[in-house]
Amino acid sequence: MRGGGGREDEEVSRKLKSMEVDKLGDGGGGEESPRPAVKYYGWKAMPFIIGNETFEKLGTLGTSANLLVYLTQVFHMRSVDAATLLNGLNGTTSLAPIIGAFLSDAYLGRYLALAIASVASLIGMFFLTLTAGADSLHPPECGVGETCEKATSYQFAVLFIAFGFLVLGSAGIRPCSMPFGADQFDPNTESGKRGINSFFNWYYFTFTAAMMISATVIIYVQSNLSWPIGLGIPTGLMFLACVLFFMGTKLYVRVTPEGSPFTSVVQVLSAAFKKRSLKQPKDPKQDLFSPPHTSAIVTKLAHTDQFRCLDKAAIVASPEEVRSGGAAPADPWRLCSVQQVEEVKCLIRIAPVWSTGIIYYVAVVQQSTYVVLSALQSDRHLGRGSFEIPAASFTVFAMLAQTLWIPLYDRILLPRLRKITGKDEGFTLLQRQGIGIALSTVAMVISAIVEDRRRAIAHSQPTLGKTMMGGDISAMSSLWMVPQLMILGLSEAFNLISQIEFYYKEIPEHMRSVAGALAFCNLALGNYLSGFLVTIVHRTTGSGRNWLAQDLNKGRLDLFYWTIAGIGVFNLIYFLICARWYRFKGTSN
């Protein structure tokens, strides 16, 4: 579950395709070592893996996108409380894969991590379905305009148990599903390499199909027919996902955990701290520990003058710190190589650029919170018919913008940009990230204008009834919100993909698994920041005209959007400063 209706996962998956092909194609290590014979079943294992992924996404994505409606209509939560809770939940769900990736790489392995996560997701969906199906696990229904009974502590406890299991499932499934599928092909053969490429194509296709079905069919059943049935269907699909996964157990290749890539980072920081009292070396080439670089995969990095305090980790304080032969330290927690130090510097240099993504996501996550609430209080009919677009389904328009833009950019615009800029990538990665931040700010400005119009029409023209929360439904068509959503989708197509590619190219090769984790961490912190902002605005404006009132017609949601737009302008300026300061990997000066 996450802000933005699941599209962040789609774009991360698209970029991780190239990462995993590179990683598996070279065997994942720098030196040849004897390995036991492994029998690869390749495509024979794919029905179980892709089937598991498809049913899992069908089961969880639609439900996550519709949670705001569920919390406000079934649990009778105030909209501001539901938005705050959902921001926190989305943030935790996006942060959990970092822990899951670490445990998978260091201890569990991908198979066991996926097995535990799949069962956890099923249990979470089961408990969530119970909260809708069992009368004792949710507040009694109430009519429009009636005073609704609040949920009890016991009812909330069951709801949070469901959320806890879903977070646990996300921790294992998000970081492990794609690499596990690629593990099933022999990376040392041409057929295996082709299989890996084809697997990612099929993975992306099923992912997109599952997202579209979840955001339309499943959300429609939940919102318009029955919540117990609408949640029971995803639970049944999640059960099928588990069954398919375990049916293929005998065919799977299980890669042995190889340890965490963060160990080397901690070693550098530890060694630098222990030697903090030493003087800076006069001649880094002579005074720092720099054994022969033997890895055929990891690029040798030149020494840089930035963050020179870390150079102390590579100072040889005494001959006893180096083993005989001079190729390895006696204690890796006290002496590190120049290569290790420079790799840590790469991560530190990335940090300021990475931090701009946190603020960027504050705009993006509004798609799953206040955009949904605005849609509930506007005319969602298509034409003159009786069909209403489910409020949570509006995220489809952002997906549509991405789906249309990416092939348009690659096939039509990119060749022309190459001629204009003289660069193969057209716009540089940092330029594309900046464009994405600028577009998100434009989307917030449009959101503010549209919301002001929606509220004005609700005050000046006859309304179309009331929502379950008691707010009048404006006669303004909800389709006026499509432009802002498509611009947000376009913004993600620029920023998110460029973020992942930037991390992929700038992070040392053996740490590339960190790239996906950085993107998920951005999304998590963006959700937390959005929830914090909602809380601050609600408390500071609640004594007067609450900007985020339960009834949006009595609030000033447009001012909240203007605030986010202002933060976006600040973020764009901050990003331009970070981009100008940034030194690309391999640049010595």
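Backbone N, Cα and C define each Cβ position, glycine as well.
What TrEMBL says about this protein:
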type	residues	note
REGION	1-33	region 'Disordered'
COMPBIAS	12-25	compositional bias 'Basic and acidic residues'
TRANSMEM	111-134	transmembrane segment
TRANSMEM	154-173	transmembrane segment
TRANSMEM	202-221	transmembrane segment
TRANSMEM	227-247	transmembrane segment
TRANSMEM	358-377	transmembrane segment
TRANSMEM	389-408	transmembrane segment
TRANSMEM	517-539	transmembrane segment
TRANSMEM	559-582	transmembrane segment
Message: Taking contact to mean 3 or more CB pairs closer than 8 A (sequence separation of 6 or more), are the transmembrane segment (358-377) and the transmembrane segment (111-134) in contact?
response: no
Message: Applying the under-8 angstroms CB criterion, which one of 154-173, 227-247, 559-582 scores highest with the transmembrane segment (517-539)?
response: 559-582
- prompt: Is the transmembrane segment (227-247) close to the transmembrane segment (111-134), in the sense of at least 3 CB pairs under 8 angstroms with a sequence gap of 6 or more?
  reply: yes
Residue numbers, six or more beyond the limits of the transmembrane segment (559-582), whose CB comes under 8 Å of its CB atoms: 349, 352-353, 355-356, 359-360, 362-363, 366, 370, 430, 433-434, 437-438, 440-441, 444-445, 447-448, 451, 533, 537, 547-548
